[in-house]
Each structure stands twice: as structure tokens, then as C-alpha cells.
Amino acid sequence: MINIRFPDGSIREFEAGVNSLDVAKSISPSLAKATMAAYIDDQLKDAKDAINSNCELRLITVKDPEGLEILRHSCAHLLAHAVKELYPNTEVTIGPVVDNGFYYDFSFKESIGEADLPTIEKKMKELAKKSAPVSYRVVPKAEAIEFFKAQGENYKVEIIDSIADEQMKIYTQDNFSDLCRGPHIPNTSVLKAFKLTKLAGAYWRGNSDNEMLTRIYGTCWATKEDLEQYLNMLEEAEKRDHRKIGKVLDLFHFQEDSPGIAFWHDNGVRIWRQVEDYMRASNNKYGCSEIRTPLIADFSLWQKSGHASKYAENMFATKSENRDFAIRPMNCPTCVQVYNTKLHSYRDLPIRMAEFGIVHRNEPSGSLHGLLRVRSFTQDDGHIFCTPEQVEEEVILMVQQCFEVYKDFGFNDFAVKIALRPENRIGDDETWDKSEQMLKNALDANNVSYELLPGEGAFYGPKIEFHLKDAIGRSWQCGTIQLDFSMPQRLGATYIDKNGEKQVPVMLHRAIVGSLERFIGMLIEHYAGNLPLWLAPVQVAVMGISNNQDDYCKEVFIMLEKNGIRAKLDLRNEKIGFKIREHTLLRVPYLVILGKNEQEQKIITIRKHSGEDLGQMSVDDFCAFLDKQIQAKE
């Protein structure tokens, strides 16, 4: 007999060889039905793995994040199974879980398009209803290679060859087998709420020199209600797509001459300036001085900073006069150079620097997505140089600033996470231990709840992440606060302590809105283009019922501009209904409509974008009304 301890501290006795599914059944049939896998002594295992010794057990159900991930990964296998049934000559490659779903890459021998997805989805449903048990076997590497080679799965053979392990797991459901680390669901019958969403091209291993594969995306949920809710959200997200709205509002465009880099138009720059000016004022409030540093630096600087060894594949390089240069992918190394121009005492610290720094990163062309994923962007970077004793206080101030900024921009629902050390990193474990604990202490001191993200920190230090929830429930990773003991040391940053000794300052990296391009894209989608008055590129459109009011329209327009209102004058010889409709489609918050009566009485008639009539008032009263709304960030 063995003893199994549960999360509530209770201990129960079972026969050796029992599995997690059996344990769940002994508690309740409904729990067994919901069980996807289990943590056995903190190791995630398949629900049917035998338990042969005393252990701690935590059952994973579809309600747990891990359970939903397992469900989606298993659905990717179901997709591959269906494809092999319908198109037997197809080679399967990889099928990972992604946000809200999964994808699988295939090498089809025939042409496949979006129109084929319903057929594949129908086959998936047929296979799921078979309630096929899902099992695995562990085989030597050579045997796995022979198994997949016999099936003509050359991509699987290549994957196995690239894995250092000598033992491979092969999962099987019905007549389909796939290479996978697992775990997977116990039975295909739990896959009931899924849908294939789109089809795209993808190079094998992300390398454009390799074969172009067909990538099929899908989504999978615990219940049909959850699936329906997600599909409704996708439909709403399509309406809010910043690329479409950006075109309608004439904000920006992209073209192949400069892939992944936006061309900003007048209206887009107006929004940009509001975001940048707001952040500049916020930085001033929190004691940051503003700097500006070079876009290009000698490659030796990036070698010293660690970027050359850890980030080279994302960097753009160039040569001049027999020297190697790199376009900066991050602003921090050049900021340190500003710090290093002076001798600093501990009394000078903390020193807070802010920069709206343009960076370039060589993102794969297939990953580019409007303003949300670009190759060139401007970061609202801040770098704070401080003593170890000042870290927690500085982080607390940064957290307060982040909360303040997000609320002003209309994001009131956000989560805080700490991304911990990744495998590919610089610095020793002792330094990482200290860094991670400092961030935890700062959040604890501020009574901020947070989630830990193992392995997701930057290569030079752990970071606090801010995830904002938008109007339709999507989560966006936005600002970061990163703690760095390594870079200031590598780049020779020092200060003189109270004993007259040289010390290396702690460097705090922070971005609040992050990429301005991405943040503006988020704002457009969050508000569906109906930006609040203080951010709107055009706040008021002035128009006359006929050309007889042109002079009065100009007079009102000038008065609005003198009061700092971003106004547009529409004197076109068009019907007033046409003008109202056009400016409504352009999401202008307020329309000023002037006719003979308004001209004679020197008043204005105001209509909101929503169609609500605000009646008549003087221009001065209207300006005061607008100013109050702008100051309140409404």
C-alpha cells in the first residue's frame, strides 16, 4: 500500500500501481471525467501513469490552466489524426499550443485552402466521438526513427535526430501515432468544444530556406459555451482590427519597401504626440530627466553589454570605414554611456533617466502584424541607477506610475506577473536569487498580488510584467520593470559609496506603455477607434448647413484652435447629412453644425459622435466644456 497526500493536507491509502484517474474516480465520477492529468510530487504526469510510491498528488482538471493547455495540445493531435485520415500522403510536423488555441504544420501533397477546414473539422468530430483511449509508449531513439521512417514521416525523423534524449515518447489514439513529450488527455471523448479558425503558410523551423508548410490554426475550450464566447470575441476583434480602423481614420500605412515599419500620417502623429506628451509629463512628475542617444553604435558596445552573444539574431548590423556597427535593439547600453560621463556619489542616487528611444529588431516577416508586431518601434524607456537599498522603493514608485498611466488611458483591469530567470541568461544564480526576491518584496510591500512566470525573464534580469485587459476581455502584455545587476557592471557603471569605495549601481529598466506603436494599436482596438476626447486626432468637426455660413464656420474654427482644440473645418459644398455621416464614420467626438440661426445669434449647435444632440451654447462655453473633459481624461 502507498500513501497519497492531497493539497488540503489529507492523506489516503491506495494500492501500489494506482493511477491518478483511479484516484479521481474514488473521490467522484465527475472529478474523474474532468481530470486531464496530475502533478505527482510537482511533476506533471499523464492521468494514467502508475503511482508506485508515497507521493503528493494534485489533480489537474479542465478548470486549471494546465488542464486547458493539455486539452488544446490533444486537440492539435486530433487535427493531425483527421488530416492523416483525409489526406494519407500528408506529412505531419509540429503542433504546439498557442494563446487561446493551437496550430499544426503539415506538408500536404495536394492544394489545401480555407474551404477545406469544415471537412477536416467534421472528421475531427467523428474521431473524437469514437472515445479512443490515449496512451503512450517509451522507446529507444533508434526505434522511434525507424517507426516514423516506415510511415514516411521525414519531418518527425528530423525532429528526433535533433533531440539529445535517448528515449522517445510516442502517443497513440486509435490508428494514429505522434511523437510528443505529453501529457495528454486520457480519452478523445473530452474533445467536444473546438473549431478550426484559419489557415496560413509557415516555413519549416521558421527558416525561409526551407519548405513552405501549411499551418492550420484552431481553438479548443472546456465547454461549448466557452467556445461560443471566444468566437463572439473573435468576431468583435475583427471589427476592432487596428489595421482596418487605421486605414479608415487615415492614421498610418505599411508597404513592402519597409516591412514591419509604419508610415505615420497626420492623424496618426496627432495621437502619437498625445501619448508621448502625456508620458513625458508623467516622467517629469516622477523625477525622470529626458535623454536622447544614438541609434547606431560600434559592435563592441553590444559585445560588452551581452547583446551580441544573447540577442545577435534579432539585431541589424552594418559596416562603415572598416568598422562593424549595429542598430540598437534596446536603449539600455547607450543610456549607460550617458551615466558614465560623470563621477557619481551615493548621494546622487537614484538617477532616473527617460528616453523615447527608437529600436530595431529583426523579427521574422511571418510574425509581423500591423502596429502590434513591428521591426522598428519607439520605447518609452526609463533607466534608474540606484543602490541595492533603494531598489524596493524605486520599484514601488514605478508600479504606482504604471497603475496611474494605465487608468488614465482607460485600462482599469490589469494583472501583474514576475518573469523569472530564463535558461539563456547572464549572471550567476546568487545574483538572480537576489534580483527576483527584490521584485517580490517591492510588490508585497505595495500589497500587489502577482503571478510567477518561470523561465520568462530577460537574459540580464527578472522583470515585472503588466498585463492589461481590454474592452472585449483580451489580455495584452504591456509595461515591464526589470532588475539588472549585470549590465552596469559589464559597461563600467560605478558610484562612490559612503566609505569612498567604488560600487556598481543596480540598474532598473522600465517601460510603461512599451512600444508606442503597439500601445496605439492597443488603444485603437480597445476603443474600437472611438478614442476619448483627449486622444482623438480630430476633436471637433465644424460644418455649415450651406456655404452661406462659411465665414461663421471659419470664425468658430479659429476660436476653437485658439483654445487648443484639435478642430477640422469642412466647407465642402455637400449636403449636411453627408458631412455628418462622414465625420461620424471618422469617429470625430463632437460635430459643430452651423446654420442661419446659429450665425445670427452667434451660438453653435453641438452633436456627439453617438448621435446625441447637446443643443446650443456659446463657443466659450463649449471650449470650457471640452477642456473639463480633456483634463479629466474622459
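Glycine residues also receive a Cβ, built from the backbone N, Cα and C atoms like all the rest.
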Further binder of Zn(2+) named by Swiss-Prot next to C332, H383, taken from the candidates H242, H467, H509: H509
Additional residues surrounding Zn(2+), by Cβ distance to the C332, H383, H509 centre under 8 Å: M330, N331, C335, V336, D381, G382, Q482, D484, M487, M507, L508, R510
Cβ neighbour count within 10 Å of H509 (Zn(2+) binding site): 23
Mean predicted confidence [pLDDT] for the region 'Catalytic' (241-532): 93
Three-state composition of the domain 'TGS' (1-61), taking helix and strand from DSSP: 14 helix, 29 strand, 18 coil
